[in-house]
Amino acid sequence: MTLVTISRTDTATPRHSLRRALLATTLLPLVIAAACSDSDSTGPDTPPPEPTPNSLTLERIGGFTGGGAGAAEITAFDSASKRLFVVNGALGSVDVLDLSNPAMPARVGSISVSGFGAAANSVATFGGYVAVAVEANVKTDNGRVVFYRAADLQAVSNVTVGALPDMVTFSPSGRYVLVANEGEPSATYAVDPEGSVSIIDVATITAPTVRTASFASYNGQEATLRASGIRIYGPNATAAKDFEPEYITVSADSRTAWVTLQENNAIATVDITSGAVTAVRALGFKDHSRAGNGIDASDRDNAINIRTWPVRGMYQPDAIASYVVGGQQYLVTANEGDARDWPPGLQEEARVSTLDLNPSIFTDAVCGGPCKDASRLGRLTVTTTLGRNTTTNQFDTLYVLGGRSFSIWNATTGQQTWDSGDQFEQRTSALPSVAFNASNEGNTADDRSDNKGPEPEGVALGTFGSKTFAFIGLERVGGVMVYDITSPTSPSFVTYINPRTGATGDLGPEGLTFIPAKSSPNGKPLLIVGNEISGTTAVYQINLTY
């Protein structure tokens, strides 16, 4: 400690001297205390900084079976009531589970949305309230968001939003609720509503107000958007009709939202204050001919064969999350992939064996034999909307759906800072207890190699001390991958857990929810996973090691 003495040379009257003496007597203890204290120490009202773990493991400590397929999809937790809200897609409702004992979740109620629409698609919680996104009875009509009290499940208000509200989330401040209105077409494409993002101001939750962030300003720019790599390919579709918002993440300051446009292979940026879409950025394509980006391309080769191929991949993320490193915002995406299949209006997928390939590009030397053989690329499912040479009508480039990976992106520039490459397939192939690239509805190894592989769909982030971890659910083969993403340019694998036992157990992870220790019923950080195919909700305890 260094003491600094400041002296004055002017004179003072006795009255002024007394005042100064009293002031000095009053302030001296405060000055000494401040000088003697360590600048990094905390006072009695300031909690100590959270320690940073070396690593972590996942332990499945409990679960709940809500029924058959579809009975557990999206999950959300309310800490005050210790209730877990689970979208039950089989019934179109929301199951309410008591999570006061995470090892034994118990159903204590249900939220029916029959008076508001056809089915609940998504759920979110904040401050003792629950927001439920409800699809209209006619899918292409506008849907609704209904607000309930978590404690007694009473509806307090509802608002009209866009067509097919598929995802709902609160901003970190709790002031806004954002809704991804996917706007899927009717089965025949006779009706194709515009996709949009609803911004609901819930400052007064009993009287919420709605604004719509529309993509209409991009109409007329379709050629430019396609040239940038954004997919716009619906029959006679405008940009606004073709864009289909899938999932939303919101910045920590609640000012900006990022929205995945899955089928379009793009991410939109929304300014929450102005209620406007400010950017739509193409995500580009993954080069599967590069080392580290290999895929197993065949379900008929009777082997695990992860290798490079003359193929590109569209990332097409489903879930998205965000975090900040060094003041810079980053986005984390689960690159699931999704095709449009609306016969007879649009069917974009085909197997490579049915396509006319450019023989000078897809040579035997490149593929290690005839490319269209079933054991090579012949069984691989690709889109027919890209890669065709309009002069020769042959395919010069093949594009698969999904990246079979997760990625990190600079939210400001849109540049990818890291991608997991072929790590998901490599790691699951090395585990004898997991049927490699099995489907979530069966236990046949290699079954999904020809079509999106492990299919990463959900992502949740958890921060402990100075480290941030990503939890990624693999929809097909099942289980959760965990990565340390503290560095957005060099994440590292931590662990993988898959509780499926053959064709049983937890199948088809859909939604993931991270519960920090301070909000957890047992004081331990938890990860909740809704498994769509098995209809089970899994409760994982996150055990930290120091």
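Each residue, glycine too, has its Cβ placed from N, Cα and C.
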Subject >> Segment assigned the feature region 'Disordered' in TrEMBL (from 411-433, 434-456) >> reply: 434-456
Subject >> Per-residue pLDDT averaged over the domain 'Choice-of-anchor I' (69-542), given as an integer >> reply: 97
**OP:** Please list, for the compositional bias 'Basic and acidic residues' (445-455), how many residues fall into helix, strand and coil according to DSSP.
**Re:** 0 helix, 0 strand, 11 coil
Subject >> Helix, strand and coil totals (DSSP H, G, I; E, B; other) for the compositional bias 'Polar residues' (434-443) >> reply: 0 helix, 0 strand, 10 coil
